[in-house]
Amino acid sequence: MSQTRGRYDFCIGLVLAMSSSIFIGGSFILKKKGLLRLARKGSMRAGQGGHAYLKEWLWWAGLLSMGAGEVANFAAYAFAPATLVTPLGALSVLVSAILSSFFLNEKLNLHGKIGCLLSILGSTVMVIHAPQEEEVETLNEMFHKLGDPGFLVFATLVVIVSLILIFVVGPRHGQTNILVYITICSVIGALSVSCVKGLGIAIKELFAGKTVLKHPLFWILLLSLIVCVSTQINYLNRALDIFNTSIVTPIYYVIFTTSVLTCSAILFKEWQHMAADDIIGTFSGFLTIIVGIFLLHAFKDVNFTLANLPLSLRKDDRAANGTLLSTYDCFNNDEESSACLAEMQSSESLSARRNGSLSAF
């Protein structure tokens, strides 16, 4: 009976996590549209410390969408392990990439489509190998785990690193280095996930009729969650305002997920109860997602499609015949692509005549 109940909770957590990704992925687009509109109006940008976005309805729509996603995500942590819920945030990257191509004019090329496919496959592998039963079921158990020396050391390091980034590194390099603000969001996010996990367990106990509201840990977790989420929203807004959405989203996902998996391994010790093949499968799925996200965004400015593929496959032949131009060099600049292709064809014809051929490719 308990095994059936555990699988039922697992399925609920999975559905909630996927729904959360859809809402959160859409929220990035709405927020970015709102910030771009403010920039065109000449308002003080969020990256410079401005808060004019509070008067922009598109930004609020994005915030509400993110709120809905976070509520679904919050509920997902109450039913499924953090090892499963957090990596499924990759789906929000896919939603963000697809919507960006429609609303932010950020094209999704062949590399991006392959990246989306790999991310979906990696997520599927992680779902198959993720732990399906909870190791922490009561608030008292959560209290003992939070008092574990390993977690206390981890939490202390996170707080120290965050304060250094916020007050020392951020003012100097936050405007030019994308990792500063995203790292702040990510490492603090590991603590916020722990708070969400504890509150989710508390709410399940509350519905079961237990007096959770009198437990001091409930209010400590709630206050910590408010502080962590407020800090995340502030610095994520700054990162989105300064840097491209398609760059912010994947980097944030990778660092945030790595931080949460590390925190989960220290706090909940879910890995100790997993078989070796499940651990390997989980890491393989996560790495597949990272490769997919890399393909999705690393080559986003390359105008490369299936129609260009046959021409790309002939690059080695052109190099052997003395042609030094690269296909990627042609497709990187749409305005120069025609002239570039004409030059490549001219070089191929000349090489063919030198070799005694009657026709070029």
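The backbone N, Cα and C atoms fix where each Cβ goes, glycine too.
Automated prediction, rather than curation, is the source of TrEMBL annotations.
So that you can see what the record holds, here are the features copied from TrEMBL:
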- 12-30: transmembrane segment (TRANSMEM)
- 57-77: transmembrane segment (TRANSMEM)
- 84-104: transmembrane segment (TRANSMEM)
- 110-130: transmembrane segment (TRANSMEM)
- 151-172: transmembrane segment (TRANSMEM)
- 178-196: transmembrane segment (TRANSMEM)
- 217-235: transmembrane segment (TRANSMEM)
- 247-268: transmembrane segment (TRANSMEM)
- 280-299: transmembrane segment (TRANSMEM)
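Within the chain, the transmembrane segment (57-77) has long-range Cβ neighbours (under 8 A, six or more residues past its boundaries) at 12-14, 16-17, 19-24, 26-35, 37-38, 85, 92, 193, 196-197, 199-200, 229, 233. Taking pairs at least six residues apart, the transmembrane segment (110-130) and the transmembrane segment (280-299) share three or more Cβ pairs below 8 Å and count as touching. The transmembrane segment (178-196) is not in contact with the transmembrane segment (280-299), judged by fewer than 3 CB-CB distances under 8 Å for residue pairs 6 or more apart in sequence.
Long-range contacts of the transmembrane segment (217-235) within the same chain, counting only residues at least 6 positions beyond its ends with a Cβ under 8 Å from a Cβ of the stretch, are 63, 70, 139, 142-143, 146, 162, 166, 181-182, 184-185, 188-189, 191-192, 195-196, 198-199, 202.
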